[in-house]
Amino acid sequence: MRRCPCRGSLSEAEAGALPAEARMGLEALRGGRRRQPGLQRPGPGAGGPTGRPEGGGPRAWIEGFSLHSEAERTDFGPAPCPDGPQAEPCGDEHEECEAAGLGVASEKPSQNKELDGSNLQTHPKLSSPLAEMEMAGSWTDGFRTDLHRPDLQARPKRASLCTQPGFDESWTELDRSELWQTLPERDKPWVDHLRTHQDMSRLQNHPACPSPEPSAGTSCKELSADGSRTPHDTDGFWIESQTDGSLIGPSTQTACRQPANDGFSAQDTDGTLIQPGTDDGPWVDSVLEKSNGDDPLMEPEPRDLVTNLCSHLECSSLCPVPRLIITSESPEPGAQPLGPQARIEGGTGGFSSASSFDESEDDLVAGGGGTSDPEDRSGSKPWKKLKTVLKYSPFVVSFHKHYYPWVQLSGHAGNFQAGEDGRILKRFCQCEQRSLELLMGDPLRPFVPTYYGMVQRDGQAFNQMEDLLADFEGPSIMDCKMGSRTYLEEELVKARERPKPRKDMYEKMVAVDPGAPTPEEHAQGAVTKPRYMQWRETLSSTSTLGFRIEGIKKADGTCNTNFKKTQALEQVTKVLEDFVNGDVGILRKYVARLEDLRDTLENSPFFKTHEVVGSSLLFVHDHTGLAKVWMIDFGKTVALPDHQMLSHRLPWAEGNREDGYLWGLDNLICLLQGLAQS
């Protein structure tokens, strides 16, 4: 039985708990790129000759977009049926489950867009007042709406930012006349045709509330001037109003705010694995500590982002997740305290997000680490000295006589163990097993881990899958959590029926924002997990873009998981640019791979009939130019009731089970395309 990564100690490593090779830096030389055992694996999941060919044309969904009613859209299917039976999610003991395996990269050239656009038009709901929006800037010109109504006319040749209304509302078409630049010496084409969720049914005009700097505590921003306003996110350009009384986007702590109490949920990756280099020094667990005031961890600065957005979005009376928790059940134990500070050295790394529900341990602040300033967004040095935690590697992978240690970046210990022949064992989760088995026969197979079934080890069950990183040399890795929510509807129902206090969740919440808990929650010192997750999602780009960055490990060993309040478009764009170090070739490969994935998702029977919640996209590239993306984390992917299908783009309202996966993917592709063009 291997020791879990979060309960070891430095003294054990020094006393010889590790093999000599692990303690001395695994000095074995690498002999080129690693391959899976035997000949090149056939099949689409192995990256071999039968995989997807590289190359291909860009998507044409932006231009010439025809307008259809919702029923006519081939990728949407019939309307959701909220009353049908739902698949049972994995239990709490398996919430940390995720997937990792090999896929195949395919490449398409990026698509260039000319920017145009001049005026603003809004199509509100019949009973709602006219909502207006004003925007300035060349890189936001040409917003576009993703239309579902046959009575609206498309405006040809307009790159667009798509706003997603509620279910009965009209779609908004946004034009601008002035230039808007946020970074000097560069156009910003990547916001063309980005999408936002918007509930237009209760839109109200509101006086402007200028805000000179983006922050999670405001809901009004100055946006240059055509005299119109629309509900908007505080730090970005996307907002989604919820019918359960919650809103994503701005905080609820300013005078000009949206009337949400619970907001959307959030979630960290658990069990994320990372391989430090094999140069020298002990293996380091890269759980990112909160930096103290003397050495703050800097988030990218949203340079000169000026917007002016005000609105009141009224919410329905659906019962929110309870905030006052009264129960006799004892709270679950929190994460282990963080250890001494260290920095990862070396190249080869592994990174795999785990639990779709449990948050990563880097949320907790323990020991003498202190907390970083959540409002510090100077961005002048986005990859400053990072503080990590020294722990020994949970296991060492041996593949083709190449040894590389796996270190858990965040999350619960014991999720992963080393398999044989470059395979990884992940703690068993029935939902994930069922999903992976179905995906092996679905068109999505090249984009998901290759699955080898369940195995038993030391009396414990594991799902066996391929190591996603076996073909990379010193990779850079990024985990993006996809979708507009990361919790199942069943979890909300359970939280209402049997609210369970979580002291560790309360500590995580106050570490980020001491004023976030209610007085009752402060008195009890605990919050429910869905309550924490809903609050957490209001801070991140999950609420504004339909995806959020969970963590990044770069080839030089630098790790960063401090993206809890990375919400604004500019912040997310800067992080993506730093991840690839401005390499246009890598960006184009990522764009081609994601466009191919989007095409496959829209034609996948599995995807149309499953609610995909808490799933991630794993981005991996190395110095050789190899770049791939995979879908991972299927521990909370559940089948829909019979005859129900999802669009994966509509806003979520309790009962419709929409997850917003394609909405987030559309926006992610747009951002990467813009970076490649610039």
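Keep in mind that glycine also has a Cβ here, set from the backbone N, Cα and C atoms.
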Expected hit for motif 'Nuclear export signal' in Swiss-Prot across 318-326, 669-677 is 318-326
Reading the DSSP string in three states, the entry for D504 (substrate binding site) is helix
Among the binding-site residues listed as D504, E507, P530, R536, the Cα nearest the Cα of D479 (ATP binding site) belongs to R536
Going by Cα-Cα distance, which of the binding-site residues (E466, L468, K553, D633) sits nearest to M533 (substrate binding site)?
D633
List the Cα distance (Å, whole number) between D633 (ATP binding site) and K481 (substrate binding site).
9
Using a 10 Å cut-off on CB atoms, tell me which of the binding-site residues L468, M533 is the least crowded.
L468
Of the binding-site residues K426, D467, L468, which sits closest to R536 (substrate binding site) by Cα distance?
K426
